[in-house]
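For reference, the structure is listed below as structure tokens.
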Amino acid sequence: MRNKSSSLLFIILMAFLSMGGLISSDIFLPVLNKMGGYYHVSESSIQSAIAIFLFGIAFSQLIYGPLSDCLGRKKVLIFGVIIWLISTIGIFYSTHISELLLLRLFQGVGACAGITLSRAIINDLMGKEEAAHLYLIIFPFVGMSPAVAPMIGGVLSEYYGWKSCFLFLTLFITTTLMLCLLVLKESLPVEKRQKLNVKSVLVSTYQALGNKEFLYYAAIPCFAYTAYFSYLIESPFILTTMGLPEKYVGYTYIMLSLSYVLGNLTAKKLSHQQGMEKTISLGYIIFTIGGIAFTVQMFLSSCPLLTSVLTISVLTFGNGFLLPLGTASAIAAHTQSAGTASGVMGTLQLGSAGMTSLFIGYISHHDPMKVAMIITVVVLIGSVIYLMGDRGGKK
């Protein structure tokens with residue numbers, strides 16, 4: 001692919017685009033308390049900044065694909081990255097919670113361009129095997145970014161204040177934009193572009209949502225996201241309540257990301273040996289054990305700070321099975337329109353994460369016991385639906 005240096009820059013660009021949304025979402029997790037104080041709002045209200053960002057990503061996924069099929073990848077991508085950059089700069093200067101929430105919505109919309117279109121660009125330029133090789137390079141960075149981002153945010157805020165998180169993001173996005181302008185070539189020739197047909201997009205979306213087998217498998221990653229985000233959003237409050245200094249909160253996410261990546265690798269190996277269904281079932285068993293153990297240790301553990309992280313790591317190990325295999329199974333259940341299915345799948349996943357982020361604080365009041373019980377209820381409901389749910393006549 002071109003010369004060696006340009007290939008390396010292309011790989012860096014694809015990695016930045018793929019993990020940029022996760023970094024933007026998670027970098028300020030350790031400083032939610034400080035941000036709540038700055039904007040003079042409750043802890044539950046400041047959590048809405050995460051929820052609205054996720055909603056921005058969730059629903060933009062349905063737009064970027066068809067739009068780039070019509071106008072080309074590069075123009076649409078650059079437009080999205082510029083929105084991402086401007087909104088991030090705006091957050092740095094915002095003074096009111098309403099400004100923050102509006103800018104976070106646009107930040108999510110902009111970041112979504114990188115997440116969605118990086119996959120489309122790779123698909124345009126590469127065959128299946130070459131693309132798979134590139135994903136193997138990129139995905140470890142994507143998998144670790146939810147851990148690295150809060151760690152960076154915690155260190156920056158400790159020395160330079162919470163706004164330095166968004167200054168870091170501004171530099172990150174500016175670098176990404178420069179790479180888009182200098183390295184990226186248009187990957188979709190004019191002759192391969194499609195006319196934008198809003199009606200056909202809506203019909204395809206409706207058909208996917210009417211496919212029982214698709215919805216059955218789509219529920220798997222949705223419950224996985226709901227359980228994980230219930231912990232993730234509340235973790236800064238839970239861990240500081242247990243005595244962990246705010247600046248160290250970000251370091252606890254390293255173990256969660258490592259367990260998720262390990263779950264990915266284990267599931268990949270087992271799915272070849274035992275098949276998808278058995279591997280998903282095993283993932284659900286691990287996922288459920290982790291969720292229940294998290295609640296049990298809240299009542300029994302003499303060192304809940306340590307056991308909380310350990311038991312949630314078991315849950316995220318199970319998520320390493322459920323997220324990729326549930327997504328793949330859902331898209332495979334709607335092969336007549338895989339692109340639409342992928343967009344709807346992403347919307348449902350991040351939509352469930354957004355709803356969790358929006359309401360978890362109001363429901364739990366940041367009480368670790370209540371958060372733990374909510375997680376247990378979610379994993380049990382998800383497991384029952386998986387065992388008893390309707391696969392559209394498929395056994």
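Placed from the backbone N, Cα and C atoms, the Cβ positions cover glycine too.
Those TrEMBL annotations? Automatic predictions, nothing curated.
What TrEMBL records for 7-394 is domain 'Major facilitator superfamily (MFS) profile'.
The annotation transmembrane segment is assigned in TrEMBL to 44-64 (among others).
The transmembrane segment annotation in TrEMBL covers 76-95 (among others). Tertiary neighbourhood of the transmembrane segment (76-95): same-chain residues 17, 20, 24, 64, 67-68, 103-104, 106-107, 109-114, 117, 121, 163, 166-167, 169-170, 173-174, 176-177, 180-181, 184, selected by CB-CB distance under 8 Å and a gap of 6+ residues from either end.
Within the chain carrying the transmembrane segment (101-122), a Cβ under 8 angstroms from the stretch's Cβ atoms is held by residues 14, 16-18, 20-21, 24, 48-50, 52-58, 60-61, 64-65, 68, 73, 76-77, 79-88, 90-91, 94, 131, 134-135, 176, 184, 187-188, 343, 346, all 6 or more beyond its ends. Here TrEMBL flags 101-122 (among others) as transmembrane segment.
Within its own chain, the transmembrane segment (134-153) has Cβ neighbours under 8 Å at 11, 14-15, 18-19, 22-23, 25-31, 122, 126, 165, 168, 232, 249-251, 253-258, 260-261, 264, counting only residues six or more beyond its boundaries. As annotated by TrEMBL, transmembrane segment applies to 134-153 (among others).
The feature transmembrane segment is assigned by TrEMBL to 159-184 (among others). Through the fold, the transmembrane segment (159-184) approaches residues 6, 9-10, 12-13, 16-17, 20, 23-24, 27-28, 31, 34-35, 38, 74, 77-78, 81-82, 84-85, 88-89, 91-92, 114, 121, 152-153 of its own chain, all at least 6 residues removed from its boundaries and within a Cβ separation under 8 Å.
Annotated transmembrane segment per TrEMBL: 214-233 (among others), in sequence order.
Residues 26, 29-30, 139-140, 143-155, 235-236, 239-240, 279, 283, 286, 309-310, 312-314, 316-321, 324-325 of the same chain lie 6+ residues outside the transmembrane segment (248-267) yet bring a C-beta within less than 8 angstroms of a C-beta in it. Look at TrEMBL and you will find 248-267 (among others) tagged as transmembrane segment.
Beyond its flanks by at least six residues, the transmembrane segment (279-300) meets 220, 224, 227, 231, 263, 267, 270-271, 307-308, 311-322, 325-326, 329, 368-369, 372-373, 375-376, 378-380, 382-383, 386 of its own chain at Cβ-Cβ distances under 8 Å. The transmembrane segment annotation in TrEMBL covers 279-300 (among others).
Look at TrEMBL and you will find 306-332 (among others) tagged as transmembrane segment.
If you look up TrEMBL, you'll see 344-365 (among others) marked as transmembrane segment.
Annotation source TrEMBL lists transmembrane segment at 371-389 (among others). Long-range contacts of the transmembrane segment (371-389) within the same chain: residues 216, 219-220, 223-224, 226-227, 230-231, 234, 238, 280-281, 284, 287-288, 290-292, 294-295, 298, 315, 360, 363-364, each at least 6 residues beyond the stretch ends and with a Cβ under 8 Å from a Cβ of the stretch.
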